[in-house]
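Accompanying notes for the structure given below.
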Amino acid sequence: MPYNAMKNRAFVPEEKFMREALSLAEEAFSAGEVPVGAVVVKDGKVIGRGRNRREEHQSVLGHAELEAMEQAAKVLGSWRLTGCTLYVTLEPCPMCAGATVNARVDRIVFGTEDEAMGACGTAVSVTSLKNAFKPELYRGLLCEECTAILRRFFKARRAERTEK
C-alpha cells in the first residue's frame, strides 16, 4: 500500500514484476552479490533490468536500481523516466532513491524495508525533500520472499566468516 499522497488511485502493484526482480536478486545471490534485483516498467512492459554488481564491477554505483534505470533510459532515449515504475526487492538507499527522484520515476514499489539505509520512509524519506519530485511509494509487495533471500545470503556470509 502507498504511504504518501497517491497521484494515481488506479495503480495496483503487480506481483509478476516483483517476481522478475526476485529472479534478478537470485542471480546476484549466485554471483556472491547482496541479492537485490530491480526492474523498470512502463506501459506494462519491462524496459530495464538490474541486479547488484558492486563486487563484480568494484563500483560504489553497482546497485540494481541504477542498472535498471540506466537500461530503461537507453530504451527510452531519455534520462527522464516519467510514467515508469521501479520494482525493487529491497527499499532503495539514499543514492538510489535520489536517482529515482532525479529521473522522475513515478512510482517505487519495494519488497522489504532496509532499516539501516532505506530512503523511502524507513531510515530517511526521499519524499521529504523540499521542492523535489515526489514518487509514489509502495512497500511490502512479496515481502516474505524478498526478506527470505536477504536472510539466506547473510546467514551464508556469517557461516563463511565463522569457518575462517
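The backbone N, Cα and C atoms fix where each Cβ goes, and this holds for glycine too.
Per TrEMBL, the feature active site, proton donor maps to Glu65. Taken from TrEMBL, the feature Zn(2+) binding site applies to His63, Cys93, Cys96. Taken from TrEMBL, the feature domain 'CMP/dCMP-type deaminase' covers 12-131.
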Subject >> Entry from the binding-site residues list Cys93, Cys96 having the most other CB atoms no farther than 10 A >> reply: Cys96
Original post:
Using the Cβ centroid of His63, Cys93, Cys96 as the reference point for the Zn(2+) site, which residues of the same chain not in that list have Cβ within 8 Å?
Top reply: Ala64, Glu65, Leu66, Pro92, Pro94, Met95, Ala97, Ala99, Met117
Original post:
Using a Cβ-Cβ cut-off under 8 angstroms and a sequence gap of six or more, which residues of the chain neighbour the residue listed as 'active site, proton donor'?
Top reply: Val36, Ala38, Gly50, Leu86, Val88, Pro92, Cys96, Ala99, Thr100
**OP:** Take the domain 'CMP/dCMP-type deaminase' (12-131) and count its residues per DSSP category (helix H/G/I, strand E/B, coil), listing them in that order.
**Re:** 46 helix, 28 strand, 46 coil
**OP:** Provide the number of Cβ atoms within 10 Å of the Cβ of His63 (Zn(2+) binding site), excluding the reference atom itself.
**Re:** 25
